[in-house]
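Have a look at the structure below, then the notes.
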């Protein structure tokens, strides 16, 4: 085959761009007073995640509203999810105090979970693969916990950065470390979720691309691996929602008790 023919064949072959489905694209351009308020694919899929979470809970407990004795499978799944998050709150904040924050924490868990899982649908978009989304969620948790600590303890909140039992001479070193550690919380919380969602979905996209470009005879192994990895990504999506939720509870507990 001549060099020209090889070049033409290479040009005709489909190009792999595993990061293409992470691109934020404007769907409805909107600009007000020079501020870009466009509705993007990320916005739409976040709305869908909220809608799915709402419908999941509404349909799940429809049987209870109708006084049915035997719960449906959907209701059982919703009750398991409800109990699972409530146990996280009870273990990391405490029963009486934690229940006040349970609705917000449960909503946050469902939002992160469905944002993660909806991204596995072919042709969809994963909002939590965008650092601006995860950073917004993490900063919301951070500012809420910080505000809660200031309201509850006032100037006593400063004591959070002074480790107990540390010699006075070491406080010069330890206090700045504690402050930096505290300020890095939203960074670690957001980057962890963003990095895991981006990495996992990128590998999955590469596997499906190779499976689609191989002849039928060599298709089975990559397709099987991609299917198994999809199941693994479902697990990762759940685990990341769990980690985000449990760290939120830890930060709220620190704000309440200055641990």
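Keep in mind that glycine also has a Cβ here, set from the backbone N, Cα and C atoms.
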In Swiss-Prot, of the candidate ranges 16-36, 37-57, the one given as transmembrane segment runs 37-57
Here Swiss-Prot annotates transmembrane segment, and of 80-100, 101-121 the range meant is 101-121
Taking the transmembrane segment (101-121) as reference, the highest number of CB pairs under 8 angstroms among 131-151, 157-177, 232-252 goes to 232-252
